[in-house]
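A short worksheet on the structure shown next.
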Amino acid sequence: QTLTGFFLAIHYTANINLAFSSVTHIVRDVPYGWIMQNMHAIGASMFFICIYTHIARGLYYGLYLNKEVWLSGTALLIVLMATAFFGYVLPWGQMSFWAATVITNLLTAIPYMGPKLTTWFWGGFSINDPTLTRFFALHFILPFLIISLSSIHIMLLHNEGSNNPLGTNPDIDKIPFHPYHSYKDMFIITTMIATLFIIMSFMPNLFND
């Protein structure tokens, strides 16, 4: 995501009149630009699928009892959602209702008043050039914060480990990491990458707005 985003940023124009045209230029004129654009957009959607699966696993196993790790992960998710929100606005050069509600979904969940509160919070959905430039800058900067927070998340995780939330003696359940876990991880990674490339090649608009 960071690498494809870097190459996309080289060709992107943060102007409300030229933003969509610059993305069209990337897809049509830049060598392998369509691969970079699709990999960045579809990869982000698949990354969120992995994140939600990761959170569901944590909820299932009660890993929220490890407060430091869980709260660092929560901070990571908030920054990740903010990054996705800023990035979603960039190709269109305008706010969409979906983009506005990614961050404000707690407001929209309020019965009866939700949509009106969301509209009031944003003051409408039209944005100008300075706002788009700020969004572009934040979308470029926040992934590096995500990388930093991920490092903290992993460091906190390695204090105790994540596969033994009850703290019981795990000796009876121990199996060799290789080949069991290594093959499992390789299978999942291979499946996700293959799915990414299949969607990218044959159904590139599957996750688009």
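Numbers run from 1 along the shown chain.
Using N, Cα and C of the backbone, Cβ positions are placed for all residues, glycine too.
As recorded in TrEMBL, the features of this protein are as follows:
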type	residues	note
DOMAIN	1-166	domain 'Cytochrome b/b6 N-terminal region profile'
DOMAIN	167-209	domain 'Cytochrome b/b6 C-terminal region profile'
TRANSMEM	6-27	transmembrane segment
TRANSMEM	39-63	transmembrane segment
TRANSMEM	69-90	transmembrane segment
TRANSMEM	97-115	transmembrane segment
TRANSMEM	135-157	transmembrane segment
TRANSMEM	186-207	transmembrane segment
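The average pLDDT computed over the domain 'Cytochrome b/b6 N-terminal region profile' (1-166) stands at 86. With DSSP classes pooled into helix, strand and coil, the tally for the domain 'Cytochrome b/b6 C-terminal region profile' (167-209) is 29 helix, 0 strand, 14 coil.
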